[in-house]
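Engineer: The structure's right below; bear with me while I get my questions together.
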């Protein structure tokens, strides 16, 4: 599988080189066909035909809006020959995903709006910069260079893995109309508001009575770009952008494994284990935890380029510029993953200083790190000011001062990693990888060990008397450890492949192993969506149509909720959460971001809490319950099929309401959805 450093006899070499690209391209087609057969060829064909337009839109978006601008940026901001072509291709995913939030930030600063034609122009600019001749070079020279491009066998295998990953990720969400779980709701609202306002906004109306926006928005910028480009609704765009990031994590595993080991085979194996074997990150689709996922994609590109900048023989403004792009984007994309980046880059700097402990090296590293940090802070300064002025600053201060001790003690713990977050064979291989890295003094691979430990420490800072317990949960760290552990697990397998690289049958066995992994993984990868996390069901969607066409526009619904975040916030617990977005009516639970944004009514968070706290002890059918509903201006009570599937929920005793038809008449009941009207007390 490794083609970059082959040492064969001249006769064997010419024979292999004559056919290896053809064999690899055919094997790429076989891999895709095997994935289709594993899912069901007829079902796959029906799905492809029924969803041809969004699939084509998604594919063209990946190529033209993510790939080409990312490639062009790398082309103009990196010296020649510092990255192989496959490394540039992998890095272009991270850079291409990192650019939209920066564009949102810049357009907001100058007061311009973004629309579909801006995105089309952006893609065309990426294409132009990809093919444009370099300075002091003619067009005929550039065209000759482009004509000489050939896809190697390594690239064919890499491409086939990527295409199979795309197929699996899109098939996984084929039955969903919106993304899963609570986070999906505010992700969809933010995306829609970006589309409505042409960029960054302040008011959340008509979906919520919030009047600030300080949420990290890299995911939503990419989602809005996809919606503009492909003309998809915000609901579908959020879903597909989340799956795009799931695909990109496999590419990032390839990039990290290849760069740190300097072995292409390690990168390919890391890609395969991430995309087709481990539960994470594919399972993120059930939480819609896409903001952390996009942060992790950018994080890998950032770490790779920072190490390249710091190790480069001379100071390079080009590399500093590329590192600044990724650093700025991460600041805008995910605040906590930015902390992860500080830890990982910090340990990388310490490793470089330990290998060459000299004052000259310290000065060079300090100069380059300072240049990147200042440039990133300057570009992100307007948004950093927004964060400082927001509720987020007060929330962080509460953690530091110990205000949230109760919550911190529940989240600042280490979770059991195996087998949910990392499968046992991967962990065993990672241990072997650590031993081999130590034996070979492969210090870059050992950075993965240090990074893993550093990230774990972030989840339990109280062990070191650091007053930030609770800001980063053990869960948030555990679900991202695949990023550092899988390349370690790929390392011993890559070494075995390289050891027997001259044997053609070893390559054949490796391809058969890849095929087997694809055949084995496709059925469960395409069925990874957990119905327990599906808040909006088909029955809810039918009820939304009834609400939209039957109820008055100012109607307000009481919906099921549960206490979360250390009982500090109330989050929805069924499809009623989607009423404001899908019908234009209001509910008693705002989007989750009401905890971090300022509201038009300064008492909003307290009033929401007071209502659901009272519902713990107040029966709705009683006079006190009716008075509570009227106090909060509730016109209807909505319960969906999902109610009762989660712990710590606030039970709405709808069964008792059935015995009070004069006060709570049933106005809608179908397939598990029940809607009661609330009549004014006589």
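Cβ atoms here come from the backbone N, Cα and C positions, even for glycine.
Please treat TrEMBL annotations as automatic predictions, because they have not gone through curation.
The model shown is predicted, which means the values in this text are computed figures rather than measured ones.
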Engineer: Using TrEMBL as the reference, determine which range in 219-237, 238-256, 390-408, 542-560 is annotated transmembrane segment.
Structural biologist: 238-256
Engineer: So which residues does the transmembrane segment (470-497) touch in its own chain, when a touch means Cβ under 8 Å and the partner is 6 or more beyond its ends?
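Structural biologist: For the transmembrane segment (470-497), the nonlocal Cβ contacts are 1-2, 249, 252-253, 256-257, 260-261, 263, 265-270, 273-274, 278, 280-281, 284, 289, 292, 296, 299-300, 336, 339-340, 396, 399, 404-405, 407-409, 411-415, 417, 421-422, 425-427, 429-430, 432-434, 436-437, 442, 445, 448-449, 451-452, 455-456, 458-461, 506, 510.
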Engineer: Hey, which bits of the same chain come close to the transmembrane segment (445-464), Cβ under 8 Å, at least six residues off its ends?
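Structural biologist: 260-261, 339-340, 343-344, 347-348, 351, 408, 412-414, 433-434, 437-438, 472-474, 476-478, 480-481, 484-485, 487-488, 491.
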Engineer: In the same chain, which residue numbers or ranges, 6 or more beyond the ends of the transmembrane segment (114-132), come under 8 angstroms Cβ to Cβ?
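Structural biologist: Answer is 64-65, 68-73, 75-76, 103-104, 107, 142, 146, 194, 198-199, 224-225, 228-229, 231.
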Engineer: May I ask which of the stretches 55-77, 322-353, 420-438 has the most CB pairs under 8 A with the transmembrane segment (238-256)?
Structural biologist: 55-77
Engineer: Do we see three or more Cβ pairs under 8 Å linking the transmembrane segment (420-438) and the transmembrane segment (89-108), pairs being at least 6 apart in sequence?
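Structural biologist: No, the transmembrane segment (420-438) does not contact the transmembrane segment (89-108).
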